[in-house]
Structure formats: C-alpha cells, structure tokens
Amino acid sequence: FQMLLPPTQSLQGAGGWSPLDSDHYQWLQVDLGSRKQVTAIATQGRYSSSDWTTRYRLLYSDTGRNWKPYHQDGNIWAFAGNSNTESVVRHDLQHAIVAQYLRIVPLDWSGEGRIGLRIEIYGCPYWADVINFDGQGVISYRFKMKKMKILKDVIALKFKTSESEGVILHGEGQQGDYITLELKKAKLVLQINLDIKPLFQDVPLVTSGSLLDDHHWHSVVIERYRRNVNFTLDRHTQHFRTNGEFDHLDLDYELSFGGMPYSGKPSTGNRKNFKGCMEGINYNGDNITDLARRKKLDTSSFRNLSFSCVESHTSPVFFNATSFLELPGRSDHEVASVSFQFRTWNPSGLLLFSPLADGTLEVGLSEGKVSVHINVTQKKNTRSGLHDGQWHDVRFLAKENFAMLTIDGDEASAVRTNTPIQIKTGDSYYFGGTLRLFHLQSPIQRSFQGCMQLIHVDDQLADLHAVEQGKLGSFENVSLDMCAIIDRCMPNHCEHGGRCTQTWDSFSCTCDGTGYSGATCHTSIYEQSCEAYKHLGKTSDTYWIDPDGSGPLGPFRVNCNMTEDMVWTTVMNNLPPQTSVTGSSRERRTVLQLNYSASMDQVSAITSSAEHCEQHVAYSCRMSRLLNTPEGTPYTWWIGKGSEKHFYWGGSGPGIQKCACGIERNCTDPKYYCNCDADQKQWREDSGLLVYKEHLPVNQVAVGDTNRPGSEAKLTVGPLRCQGDRNYWNAASFNTPSSYLHFSTFQGETSADISFYFKTSAPYGVFLENLGNTDFIRLELKSPTVVSFSFDVGNGPVELAVRSLAPLNDDQWHRVSAERNVKEAVLQLDQQYREVRPAPSQGHTRLELYSQLYVGGQKGFLGCIRSLKMNGVTLDLEERAKVTPGVKPGCSGHCTSYGMYCRNGGKCIEKYNGYSCDCTSTAYDGTFCTKDVGGFFEAGTLVKYNFMPENTAAVASKDTKGLSRNVAPEGNLTREDLAFSFSTSSAPSILVYISSRTQDYMAVVLRHNGTLQIRYNLGGLQEPFTIDVDQRNLANGQPHTVNITRVDRNIQLQVETGQIDPVLIEKYNTPGFVGCLSRVQFNGIAPLKAALRSRIAAPVSVQGKLVESNCGASPLTIPPMSAATDPWHLDSGRINRNSAIIGGVIAVVIFTILCTLVFLIRYMFRHKGTYHTNEAKGVESADNADAAIIGHDPNFSETIDESKKEWFI
C-alpha cells in the first residue's frame, strides 16, 4: 500500500506539518488503522517555505504506547532527511516492520527556518492469528500417531512478552528425545536432544537474543534436518549440530505450546509457563493458531482463551546522560517510600535524588551495586552485577528510626541502617538525574543512562501520561513510553570466543586466552605455519600455528623442524609405539582409534597447503596376516581423512593392495605381497611411509587376524609429518600495468581482514580493490613510501595511510595487513608502521560489495604479490595467473629480503618457494648457520687439516716458483682470520697451531697459569711476537671465544708444518689439551666441521676419539686490546719490510654455560722441504720456526710431525 496523509501533509501536497515550537520534543504520529507491514518511507520539506527536516528517527507501536525505535546495523537509526523543500528523499527499510502506529521524531532541521515535513509511507497489508497466553494455559498439538520419528522439523512463530522467563514450546519422548524452546533471563534458549540422555541433562544450550521481555514482537524459526539445525531469531541465524549419533527426533503423543505438558515428568523441574502473545505458530506446515481458533486442538487448560493480545500497562521511561524526571511527593513527612524498576548497562549512575528538609537522599549505582546515601555520610550497598541489562526492582523505605533498601523483592538480603535515623521528606523526587542546582560534589555519578518503569512515590504509581501532558511534575530530555536499550553484545561481535562487555553507548571485547587480538578478537596472534616462523628467523621448536588466520579454525601446537633446506611440521597422535593387538578376526576386527594433538579440520588445513606429507606405519606380526592377497578381502585396513577405508600399506600407494616389500619384490615369501601375509611363526614386519597426503592422517586401524593360537601383532603409527607451505609462497608476478587477476566478490560485511606480501620497483600501484554500488574497499601503494587502505560502508569514504621511513619500491618483500570491523579500521606495514581509525558510533557498518575482486587492480600494479589471505582464505594466485595474460605464477628474488637470516657467513640460496642457507663454508650448521659445530677432545685426540694436496707439496719442495703458481690462496697469506671457542679445565696446552714448511707459524697457547697467549713468526724476526691476551685464568671450565685478524704484512706465508723440537714441545704440552673447541674457522675453512661431518669431502684426519658437542652457550666478550699495548704495532725500523702492521683484533668471549669439550694436540708432524721468500730470514739462531716458539718459552710442549702444509687443533 501507499499511505497518504491529508493532502497538505503528503508528498507534493501544498502544505506540510510544521509544529509551533522547533525543539527535540516534537513528533508526528501516523495511525495506519490496523497493523501493516511497512517497507519504505519518503519525506519532503514543507511546501514553499524554508522548513524541512534534515535528520529524524522512526518509532513504531501496535497500540500507540510502548514505542520501539527502528534499529539498523545494531544502532537506533537516524534517517537522513531533506536539504530543501522540494526534493523527495526515500529510504527503503533494511528490514520491514509491522505496526499500526508510526511516530517520526525530528532530530535536526533547517537552519533557515523550522521543522517542516511531508511524508509518504509504503508497505503492504498484514494479518496473523494471535493467541494470548495467560501463564497457565497450554496448547497441545497431538500427533496423528502415538509415537513420531521425525527426521525434519520446521517450526515458526512470533512472540511478545513482558516476562523474562517462560517455556514457549516443548515436546519429549520416552527414549529421552526432546525439544524445548524457552525464555531464560529474557534470552531465547533452544535445546534439542536426539540421544539417550536424561531430560535437560548434559545437553548443550543454544542461546540467542536478549532483552526479549520488551513487549515487542520477535520472530523465531527453527529448521532441523537430521542433526543439522538452523536457529533464527529476528533475522539472526545460528547453525549447529545436535549431540549423539541419531538423526530422528522421537516424540510421544504431543507437542505443547506455552508451557510444559501436564503429563511432564518430575525431572522437568519448576519451569514457568509462557505469559504473553504468540502469532503465526506453524509446525511442519500446520497452522497451530488457526487450528486452535477452530477448536481442533486441546486448549482446555486455558481459563479464558483470547485471540487478541492483551497489552502491557507499564510505561517505560528512557533516560540519556542529560535527563531527569521530577515527580512531586509529600513534604515534611517522617516516612519516605519510593520504588521503581530499572535496567541499564552502565555500572554507575544516579537513580534517585531527593532534597530532604535537613539533607539529601541519593540512591544510585556504583560499580554495579545499588548504594544509598542519606545526608551524604550514611551509606549502604547491595549486591553487585545489577548493570546486566535486566529489569531490577528497587524499593526504599525510611520510617521509625530505620531505613531499608530491598532489591528484586529479596527481603532476606535487604540492607538496613545500623543506627537510628530520622528524616523529613522534601516535596520532590528526581529520577535519573537532577537539576543543575543540585550538581554538587557527590559520591554518585550525576547522570543515568537506562530505563525505568513502575515508578511509585509514597506508594502511588506515577501517572506518566499526566507528566507528558505537563499536568504533573517535569522532565528534561526524557523519552516517555519507550525504552531504547540495545544489547550491543547480541549478536556478539567478539569473535573466536572473545568475551563481550558493554556500556550504554559501546561494547568492548576481551581476547585473553583466545589466541586472537584486535577490537573484535579477529586477528590471529600466531603465524600460519612453520614456514612462516622460519622466515621470521625462528629455529626448530614447538609453536602455535593458525593456518586460516582469522578463519574459524582455532590455533594449535605443532612441532616445527627447520632443516637446512626444508621445514617439517609434525602433529603427534596418542597411539603408543608397538601397541599389541590380540583377539581380532575378520568378523570382529579390533579398531584402534588415533587422536591427534589437533582436530581433523586443523590437520586438513596443514595437509592441503603442504608440499608433501608422510606418515610412517609398521605392522609387526607373528602368525598374523596383514592384507593376504590383492584379490582377497584384506585382514587389516586403515581409515584416513574423510572416513574412507584404504587397503594399501606403508611403502605402497592407493589402489595397490600391497606392502613395501611387494612393491620392491623382496618379501619373505615371494608368493605374497607383504611379509606378514606369509603367516609365519617368526616375528616379521611390514613398514613404510604413507605419502598420499589426500588420505592422511591415519585416524583408525582395523586389525583382523590375531585370534588364532600363537598369533600376535604390534602396530605403530608415527606422527604426521608435512613439509612446506604452498599458501605462504603462493605468488604472482604482474608484468604489465594493465595486468590483473579477478576473483569472486569479497564477503566481508561486518568484519574483513586482508594480508599479503608485496615487492615492487614501481613508485605506485593498486594492490587490490572490490567495488559495490557506493561501497568499496581498496589497498594501494600511493607513493614510494605510502601504503593506503580506503573503504566506504555507506558513511562516506575513509582512508588510512601509513608512511615508511625507507622507500617501499626497493624490490624487497614487505608485509601489509588491513582490518575493518564494526569497532575500528587498522592498517599495518611490516609489523612496524600502524594506523588505527575508530568507527563512528552511529552509522552503517555493513560492507556491501557486488563486483569482482581485482588483484593487481584495474589501475595497475607492477611487481609481485604473495600469500594473499582474505578473512582466513588464501587466494590461489598461481593457479589464476597460469591462465591470465600479463601475469606469471611465482616470484623470484627471496634472498633480497630474507638473506639477512643466513648468519655467520652463510650463503642465501634461491628456491622457487623460498630460500635456504648454505653453511658449507662456515664453521656453523643449522637452518640459519647458527648452530655451533664443536668437539670434545680427550687426551691424545688430534684434528689435522691439510691445505695442500700431496702432488702440490711435492712440487713445492723442489721448485719455489712452481709453488707460488700452484698453491691455493691459503698458501700465500697477507691476512689471517682465525676464530674459535674453547673451554677447558687443564693447562698448559696448545689450542691451535698453524705451521709452514719454514720457520713461519702461528700458535694460540694456553699457559700453565691458564692465561691465553698468541705467538706469531713471519720470518725475518729474531724472535716471535708474543701477545698476552688476558691475565685471567681461562682454564676455568667456562666457554670462551677467540677472534684473531692479521692484515697486510705483505709476505708470502705457506701454512704448512715446520720442524719443532720434540723435547721442548713435551715440556709445554704434556699430557695435552683436554676440553672443547667449537666454531673453528680459518680464512673460510672450517676444519673441525669437516672432521665431524662425513658428508663433507675435505683433506682432514682425526687421531684419537673426537665427540661432537656445541661447547655451551654464547660467551661474554673480552674487549680487544688498544693500539698502545698491541705488540703488532711495530716500528718499521726494526723490521726490513714496509707493511709490517699486523692488526690483531682479538676478542676473547667468556660463555655463561659450562662446556666440557676440549681440543688436544698430542704431537705435530715434522716438516720436510725448503721454503723461499723475498724477505731476509731472521731467527737464524733457531733451527726452524717451531723451535723458535719453544725456545722462547721452555714450558711450551707438543709433538708434531708431517711434511705438508697443515693446520693442527
């Protein structure tokens, strides 16, 4: 219908409505004659004037009382009106309303004139059967059969009530099945039990709505098919599954509406019947209200069955932060009696104020408790938690020397004064606030936001209609006959189990313990996979992961094993290894159930994104057959993902009923394809890896041949191991400005999050965008340093921008994450730059998009985007890029961003999906070259590294020129870099000795007193340089680190064994070094690592027992020596060479963790051959360089012999 007002007030009429006073107390009320369904409203200004309404609210009612404001997007909606007198502004209601009376309340109007309005209302007729329930009567719907096994149910009805408790419908069966819909604390609760359980015990409750005792109509629809249920209340739908394994709802005799049946069992408890009105009751196609009207149903329990709704006589009052209601009272009386009901979400507020003859009376909320202040000094508190949105009854009585405060009629918990008091009443009572005259200092907040009803003063019910007409009392900013309370926590915008709390104007979410963060607990605080943790520089450990981010899957713990080139994710199960199985047969198999440390949905998220998955299974048997033959029925099978049976075993594949030995043709009995199928009395085993990831993990194993005498089996199912994360590396390269990928429309109405990585060398570009009619969402690079996030949900465009200090078009990976919800919008760049924009308190909240989602943007983007995730769903960029011109799957150049994680000289190696660290040329191991490689040396243990092959050594001994041409770079050194760590408790000893064929050498010595000494001889010196590094005793069992660097001596040093006097060596280094050495590296060579890693081919040998160890934790650093005390800071006049500066940067670092690994050099090999240099040789008094080192310190001892260029540890 189109509802027209009188011609002067309808659209295009020559006139309009314009009240005498233009203030916020004006309204225009429309009577539609009967209940109608209203779908739209249109407004226009007053004809030929400067009067129009720019903003207004719409209220509706069935009776002209108890008005309800129109809600949209969780708020009391304010409609945009007109900006002139002639244009028509029409609003189609987001949801239709049913009412007889409409009231339009102007909020803002023309600044040039006054309130002016012409309106038209659009809708259609509405009619429904109504039944009034008096709290005693029950309608019984009898089934055609005594017992009903119901597979599908559809129940629909509308109700309205002023009561917070009451059973709306109930049905039950003798086997324990039942269905109940009831009000509890003004919330709707649904229970459906298809299992065999006692009535109302251990059955989950599904709760919807709140504040349903507002005496307004609420619509309910329950749809059940088998165990799947849709529960809809006022357009908000919840989906859930019932407990148990049964699909049918077995009910006996009847389904009752309005309460419990009189034949109900005692276990049903003391439940109230429903008191209020219902209409349009429909059960599986039967119109219950129509059947009741035609007396086809049993309504005998009703005293007086009425088919019209009995309206409530209560008149609520709505207070905002600047309201008060003043009512008169008897003055100069010694009895004060006031009572009322209130409901609010705010923990504090003034409920009642009255000036007494000799003081004041205040009743207010403080931290959720009602408190009374009489003459300010005397105070009483009640129980807490009264700001829960429920109606609470307050009664205050003061007489005969005492005062009493009662809450919700509970006399037992009423609070009384401890000392006698006497009061004389004033002549007025202020509710919800006071005049500014009384705004003095007070322990109670001066305003109240909420609703009151049933206000009694001096035991008389206040006539609020007389107040509205100005005949009684006064008020300010009060809305009479309306309670505009909103439950902002229903539906709950706090996601993932976040706890919602609210005040009158807003709500907040507590995300503690959920694994999520943000204003609505939307964003996961964990990474999506082990692969993502690796690229944050994390090493092997146990981590929480969240594969779908903000999606429905919760976070869970996995073991992450970061190897040099792979990342493995491990999910454990609860089956003990070698689980014994007996007493099973083909007819009665033993089923072993496996439970994992994550749900099947969570595990599926891992397997679907992994590059490869595997699970080891082993079946040990003695006279227990496994599969028998490919043609026969298998004795044993396993069930994987999707509850599908599989008849292959580890080492085989789908469709092949064989074991690993059958594939490899090496079974014990060649007639069978499994070792166990030979049915032998000896223990056999069939084991291998299951690698078809679409079937994994193993959930059950059914064993069927262990019931014969002597037969036995033992089953082992290992953890699920998956490698890689295709979602994390899913990337596309946009090669032309016009290239883009398109996907289906992004669904993110009330909550949307977008995250991705990008890299580009272009100064600007659009990452993605999705458009609607007016709504849109866009992420773009606006300049080389600015990323912006813009959107419009109907309130006008909003743009957030973050600015980076460094250019973003540096061809390195950068991470962008954006989120928009009903509370705020957030943009974050590289986990470093962040902007937050609060959402407006009133306005649209739903993002309505219609076009396709464009990635790369129609405006163009040049570069790479990867790991694009929107609301927990990873978009498959690579698959779409394969069929899109101008876009290529994948993206190279990961080392530019992640190469920094390769430490200690490790080399970053590019891979298609990521990178790896090559630690070959370092003294370290592990994923990022950070794992120490060390060894424990017992007495007599020696590690020797030969720098020069045998043939080169032979040539060098004969021809000096040939040596200089053929030796490796280490043979002619102008720089040495030596680094190692050690710990020992014994001294003296040689830690490292580097020798040559001649008298040149370098040695690191631990002296008798535990001090560290460096010795160098480069030839041409009368005696070697000696550096006392530190006077502390370093043989204290603690780990220490040494770093030595020598630069530009401009000599040719061939690191090779020289001759050492064995007598002097024995004096200094007996019984030898006992302790630990690690991180040993000399000029790019790691001899100790080469000795401990058999896969590394190197000229290294070990004498004695060498045990690998990491030698403890990182030590503390000893400061390097200053130039003034540096013995390498020599006067060039003493040495006949120009570049005589040897820079010794020596850092001895003391570790905090005790390490027991020690290096021992037991003896050193003698040198054979000659050495030629361009420099004059000093130290002529010594036979060789090694003898010189010993001659300088008679305590130095070691045995060395060999005739090659070598390095000894």
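Cβ coordinates are placed from backbone N, Cα and C, and glycine is handled just like the others.
Residues or ranges marked as domain 'F5/8 type C' in TrEMBL: 1-124. Among the features that TrEMBL reports, domain 'Laminin G' is placed at 130-309, 314-483, 730-891, 944-1111. Per TrEMBL, the feature domain 'EGF-like' maps to 485-522, 892-930. The domain 'Fibrinogen C-terminal' annotation in TrEMBL covers 521-573. According to TrEMBL, the feature disulfide bond maps to CYS864-CYS891. The transmembrane segment annotation in TrEMBL covers 1140-1161.
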Review point. Near the domain 'EGF-like' (892-930), which same-chain residues lie under 8 Å Cβ to Cβ, leaving out any that are not at least 6 residues past its ends?
Key: 531, 534-535, 537, 539-540, 562-565, 611, 724, 726, 728-729, 759, 811-813, 864, 979-980, 1078-1081, 1084, 1086, 1088-1089, 1093, 1096
**Study point:** Proximity of the domain 'Laminin G' (730-891) to the domain 'Laminin G' (314-483), 3+ C-beta pairs under 8 angstroms
**Key:** no
Practice item. Mind tallying the domain 'EGF-like' (892-930) by DSSP state, helix then strand then coil? Key: 7 helix, 12 strand, 20 coil
Review point. What counts of helix, strand and coil residues does DSSP assign across the domain 'F5/8 type C' (1-124)?
Key: 0 helix, 68 strand, 56 coil
**Study point:** Tally of residues which DSSP labels helix, strand or coil - the domain 'EGF-like' (485-522)
**Key:** 0 helix, 10 strand, 28 coil
Review point. If you draw a 10 Å sphere on the Cβ of CYS864 (disulfide bond), how many other Cβ atoms land inside?
Key: 22
**Study point:** Proximal but sequence-remote residues of the same chain as CYS891 (disulfide bond) (Cβ under 8 Å, at least 6 apart)
**Key:** ALA731, ALA732, SER733, LYS759, CYS864, ARG866
**Study point:** Predicted model, mean pLDDT over the domain 'Laminin G' (944-1111)
**Key:** 67
